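Chemist: Take this structure, written in structure tokens, and hold onto it; I'll ask about it next.
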Amino acid sequence: MIVQEPIQVIVWDCLNNYEYDNAIFLAERLHAEVASEETAFLLGTCYYRAGRVNETHHLLQNISLTLPQARFLLAKCSVELKSYKDAEIALGTNLDIIVSEFGEQAPYALQLLAKIYNITERRSKAAEALRKALSLNPFMWKSFTLLCNMGEKVDPHNVFQINNTEFTFGVSTLVNLVSNSENISFVNSNIPNNTNMNVNVTPNNVTTRTPMTMSTSITPEIQAPVKRMHSVFSGMAPIPFSPSFGMLPMEESPVLYTPTLTDSNEQKALPKIVNSLRAHVGQLKDAVFSPGPRCTLGPAPRRSSRLFSNNNSSYSVKENNKSPSRKFVAPKSPSRKSKQRTTKNIKTTTDTNERNKSIETTPTITPKNNNGLALLNLLKDLGDAYKALAFLDCKNAIKLFQEIPPKQQASPWVQTMIARAHYELAQYEAAAKIFSEIRKQYPNRSEGMDIYSTCLWHLQREAQLSALTQELVELNRNDSISWLAAGNCFSLHKERETALKFFKRAVQIDPDAAYAHALLGHEYAVAEETDKALSSFRTAVSIDPRNYVAWFGIATVYARQERWKASEVHIRRALAIHPHSGVLRCQLGLAQAALGKMDRAIATLERAVSLDTENPLCRFHRASVLLRAGRPQDALADLHHLKDIAPRESLVYYLLGKVHNKLGNSHLALMHFSWATDLDPKGTGGHIKEGFDPSKQEDAPERSS
């Protein structure tokens, strides 16, 4: 008969060391021997981490699940397999019941439930679940970003705060952290061989000051006077600087296990020391915490609680010290009589503690206040900036991102957000420059590279876009961003069929990518496949109702079909999402002009030019509408400005010829018509209609969002 608990520990050890094949093999042996819900969950976890989602789903679906961890795993697999009804049944729909049943896992269960609600277009319920998750765990950054992306107005200063000073979540993660063998470091460079070491684990060693109170503390009597910081996440040497969070002062928290080894041969004894300390740390964990996924899932056998008793007696760390090479510098061992007295005292104290269960108190794990508060303050600053970006207040977002601490500002995520803000402002040069720096420092990072490829598309940089596409495809052919870049690259080369093929590939890899559907729709629109274009745009809007690029695309398709009223309705939907876009207001002005609302059209185009003074498209369409409104003299200023910034644009010269013709300057009109013909002898005939009919535009303005 296989003993269940030790095998579980071995399997979790394999998982923590990323040895999934070995973990699966051992978990299968355990489940074959002891077919229980716990062993099924363990085996399912092994399958899931190895990427075998279907096997996990099949295993757990055929079992009557009662453990919340197993239900959560089944729901997660069901969502990945698009079986949303099964996932919702596994989680439940009552938020309060979910909180009570899932405990520490409740914020993650609520976030998963919100994803189901969002996919099934129950967005009000999704927002409620996300808000509940944030109220339980203020560090759920993803829940905050999802709320912002949904258009929900969330105040970061109310979200990222803790009402009490204790963390009531994440305890199992801390258990896993402490139980890791790499957290036990052996440092003997700064401690003399003759230094006396306190090798006793006493109630005084187990305090509630810092998250690292779970480790077995063996500290030297003489502390170094220099304040240093010790990493929470590793057993590395102290770090001589003071970050705002993530480090614990060594004077205020117990030092990790640092015994002095007096002989070089004693290095062979290190594995046994680690195993012994693991056993004692395990006793501490079982006394303090409820069982987590790393331990057994069911009710664990109760162990002795004398380590947390309120007496002042100390218990030495027992070791099977038969090896002559293991020599610790420790206090002299007591005599036999004192040993017998100590044993009797221990038994008496243990019996007293078991009779007086009310005296037993479980220590709570409270983090260092300035650690948690520093992280929460950073999240507040990032939350303000991200919220501004999500609501497309891009100038304010750039300002807020640039005000965060320099170390955080230099991180690739923050730089990507700043570049995205520049992109939304149609400042493609600035965005491309930031993305280029990100590519140099983080060549294996693909986040935001779809936006970068679109910036290069707008800037008409064929060589850079081709190089970016090749690098991304070689990096990961199963990433939709790689194929979006490839689609933009071939779209820039006017190879429509190839571009469509790559955009379709991106949609196939990630069907929930609204931006991919929007770009596919724009490419269909340029190829004049209006039905397919509308279908792609509507799919993008169904995935993300705040995707203004898709709403703008629907408006341009209706403009091509001269359905101006419908075009105006949809462009207003886009403007409601992005009111600071000059391109969207320009399109609205064209629709109003086509409907005969000349005064409104001119006012709208004036607003568009004021919002985006550097965009030549807005000035060109304002000049075109002014000419149609019988104000050719007012149109001349815009056209002369366009001639200076785009001296080889034939359409500008053609419209200048029309203006001079209206003003009676026949010789100037003929001169500009001649220049337009010289610049584009094959396209002048098409330009005649495009200058007045906005439904016959180049594809560049359609993508300038």
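Each Cβ is built from the backbone N, Cα and C atoms, and glycine gets one as well.
TrEMBL labels come from automatic prediction, so no person has curated them.
Summarising the annotation, TrEMBL assigns repeat 'TPR' to 107-140, 480-513, 514-547, 582-615, 650-683. Residues or ranges marked as region 'Disordered' by TrEMBL: 288-365, 685-705. Annotation comment: TrEMBL describes 306-316 as compositional bias 'Low complexity'. Annotation source TrEMBL lists compositional bias 'Basic residues' at 334-344. Positions annotated as compositional bias 'Basic and acidic residues' by TrEMBL: 687-705.
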Chemist: On the 0 to 100 pLDDT scale, where does the repeat 'TPR' (514-547) sit on average?
Modeler: 93
Chemist: Grab the same-chain neighbours of the repeat 'TPR' (582-615) for me: Cβ-Cβ under 8 Å, and only residues 6 or more beyond its ends, written as numbers and ranges.
Modeler: 425-426, 548, 552, 555-556, 559, 562, 564-565, 567-568, 571-572, 574-575, 621-622, 625-626, 628-629, 694, 701, 704-705
Chemist: So what's near the repeat 'TPR' (107-140) in sequence-distant terms, Cβ-Cβ under 8 Å and 6+ beyond its ends?
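Modeler: Non-local partners: 68, 72, 75-76, 79, 84, 87-88, 91, 93, 95, 98-99, 146-147, 150, 152, 154, 159-162, 169-170, 375-376, 379, 512, 542, 545.
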